[in-house]
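Quick look at what TrEMBL annotates:
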type	residues	note
REGION	27-64	region 'Disordered'
BINDING	Thr123, Asp197, Glu222, Lys252, Asp256	substrate binding site
DOMAIN	257-418	domain 'S-adenosyl-L-homocysteine hydrolase NAD binding'
BINDING	Gly288, Glu289, Val290, Gly291, Lys292, Gly293, Glu309, Asn412	NAD(+) binding site
Amino acid sequence: MSKSMMGEDIKRQKIIDPIVRRTSRPSLTVLGDGGLVSIPSRDSDSSYSDSDSEDELSPKEKQQVTVSGFSDFCVRNIKYSQIGRREIEIAEQEMPALMSLRKRAAGDKPLNGARIVGCTHVTAQAAVLVETLIELGAQVRWCACNIFSTQNEVAAALAEAGIPIFAWKGEGEEEFWWCIEKCVANTSWEPNLILDDGGDATHFMLRHHPNLFKKIIGIVEESVTGVHRLYQLSKTGKLVVPAMNVNDSVTKQKFDNLYSCRESILDGLKRTTDIMFGGKQILICGYGEVGKGCSAALKGMGSVVYVTEIDPICALQACMDGFRVVKVEEVVSTVDVLITCTGNRNVLTRPLMDKMKNGAVVANMGHSNTEIEVAALKTSDLVWENIRSQVDHIIWPDGKRIVLLAEGRLLNYSCSSVPSFVLSVTSCTQALALIEMFNAPNGRYKHDVYLLPKKMDEYVASLHLPQFNAHLTELSDEQAKYLGLNKSGPFKPAYYRY
Ligand SMILES: NC(=O)c1ccc[n+]([C@@H]2O[C@H](COP(=O)([O-])OP(=O)(O)OC[C@H]3O[C@@H](n4cnc5c(N)ncnc54)[C@H](O)[C@@H]3O)[C@@H](O)[C@H]2O)c1
C-alpha cells in the first residue's frame, strides 16, 4: 500500500514522536497551524493488556475464526473477546443516549440498507456506537483511525459478535492502510456511508477507489483535523459527495471543551503529581471553553486561580467569574501550577520558565504541544529526569526543578481517561448525523460540508436528560406563538451562543 497517499494540503503521518522516551505514550503527528504537532492517541488506559509483546506474529499472518465460524476480521487475538464484551457492557451503562436510541428506533430501523465504513478509535465506547448502528439496520466494516488506540479485547469482542473489524493496537503504517482497504473494498460490499475520525478513510477512498467514492451518500467526520481536510477538499472542488462536520455541533463542543476538561484537569493533575489543590496558586493561560472548565474546577477545589487573556471579552468574563486577570510575567515566579489552554503557540517560553519557582508544575490542555516551549528545554544546561510515566523533572543548573507533564502534550488525553458519558454525546451525534445523511431527501445536501441541523443537536441533548431525571418544560401554544417558535424546536437561532 502506498505511503504517499497523504493529502496535498495537510501532510499527515502516523509516527512515533521522536522526543518520546521510555514510558511516554506514542502520538500522532500532524501538520497543524503552528507546524508539526503531536496529538496523543485518545485511547483508554484501561485496556487490560498490552498484548503486543505477548504475540509477536502480525495479526495479518494469522488465520482466526470465531466460535460460530466467522472469519471476516483481523484482530490481535480473538481469545480476548469475553473481556472485551464486559468492557463494552460497562461502557453501555454510561452511554444512555445510544441505548435509548436503540429502543426508540428499533421499529423503523432508520439505517436499513446503510453500508458504513467506520474508521474511528476502536474502544469500548466506539463499540457501543458500532453495535447501535447495526441494531438500527446498518451493515458495517470497521477499522482504527489511530495505530495505538485500539483496545484489542474490544476489537476481539466485536469480531466474536460477527462484525467485520480490522484493528489492533500497534499496527504498522502498511498494516494501517491494509485495514482501511479491507473495509473500503470487498467483493461482496459497496459502502454508501463513511464515518471518519481524522479523514484517512475518506482520503484513501477518494484516492484509491474514486468510483466507489462517488457512490457515497454522505461522510460524517468527527475530528478537527478531518473537518479541516474536508473543507480543503471542498475549496478545491474535489469533494464530490456531501459531508457533515459533527465536530462543531454545539452539544459535542460543550462536552469536549468545557465539561470534559472541567473534570479531567483534576484527574490528570492528581494522577501525575498527587498534588493537593487547596490553597495552591494556579495560572490558567486562556479563558476560552477549556480555560473556563479548568478554572472552575480548580477554584472549586480551593485553589487561588489567576487567568491570562488576550481577548477583552474573555478577560471580562474571567473578572465576572471572580478570577484575577494578570499578565503572565506578574505571577510566573510565584505560581505553583501553570496550565496553558489557548490553542496558541509559545505561550510559556523558556525565559518565563527560567523565572518559575522550584517545584512548579507545568502542563498543557490545548491542542498543540507547542503552547509550552518544550524544545527550548532540550538544551545542554538542563537535565531531564523521568520520574514516572508522563512526568519529567527538568533540572536547572542551580538545582531548581520544574515538573513538566506529558512533555507538553494534552494533559487530559495523555494522563487521564475521557469519561464514557462525554463520548456518549459524541457517538450519539455521529449516529444521528449518519441517520440524517442516509434518510435526507435528494438534493438536501449538496457536495459541501454541513453542520448537524440544530434540531438534531437539541435531540442529542434531550436523549441525555433522563439520566439526570431532568424534566424539560414544554412551551404552551401561546408562548410558542409569542416567541415565534415551533413547540418541538429548534429553540435557538443558528447564531445563538450557548
Ligand atoms: N484538552 C482537551 O480535552 C481539549 C478539548 C477541546 C479543545 N482543546 C483544545 O484546547 C485549546 C483551547 O480550546 P477552547 O475551546 O478553549 O478555545 P477558545 O478559542 O474558546 O479559547 C482559547 C482562548 O485563549 C485565548 N488566547 C489565545 N492566545 C493567548 C495568549 N497568548 N495568552 C492568553 N490567552 C490567549 C483566546 O483569546 C481564547 O479566549 C484548543 O487548542 C483546543 O483544540 C482541548
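Cβ coordinates come from backbone N, Cα and C, glycine included.
Automatic prediction, not curation, is the source of TrEMBL annotations.
Just so it is clear, the model here is predicted, and its values are computed rather than measured.
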Residues that sit under 8 angstroms from Val290 (NAD(+) binding site) by C-beta distance, when 6+ apart in the chain: Asn257, Leu258, Cys261, Cys341, Met365, Gly366
Proximal residue to Gly288 (NAD(+) binding site) among binding-site residues Thr123, Asp197, Glu222, Lys252, Asp256 (C-alpha distance): Asp256
DSSP three-state assignment (helix, strand or coil) for Asp256 (substrate binding site): helix
Annotated binding-site residues Asp197, Gly288, Glu289, filtered by Cβ under 6 Å to ligand 1: Gly288, Glu289
Number of other Cβ atoms within 10 Å of the Cβ of Gly293 (NAD(+) binding site) across all protein chains: 23
Among the NAD(+)-binding set Gly288, Glu289, Val290, Gly291, Lys292, Gly293, Glu309, Asn412, as the record gives it, the longest Cα-Cα distance in Å: 22
Cα-proximity to Asp256 (substrate binding site), 10 Å cut-off, over binding-site residues Glu289, Gly291, Glu309, Asn412: Glu289
Binding-site residues clustered about Glu289 (NAD(+) binding site) [Cα within 10 Å; pool: Thr123, Asp197, Glu222, Lys252]: none
Under 8 Å by Cβ from Gly291 (NAD(+) binding site), same chain, sequence gap 6 or more: Ile284, Cys285, Val307, Cys314, Cys341, Thr342, Met365
Rounded inter-Cα distance in Å - Lys292 (NAD(+) binding site), Lys252 (substrate binding site): 16
Inter-residue Cα distance where the pair is Lys252 (substrate binding site) and Asn412 (NAD(+) binding site), in Å: 17
Which listed residue (Glu222, Asp256, Glu289, Glu309) has most other Cβ within 10 Å, given these are binding-site residues: Glu222
Among the substrate-binding set Thr123, Asp197, Glu222, Lys252, Asp256, as the record gives it, the longest Cα-Cα distance in Å: 18
Glu309 (NAD(+) binding site) to Asp197 (substrate binding site) - Cα separation in whole Å: 31
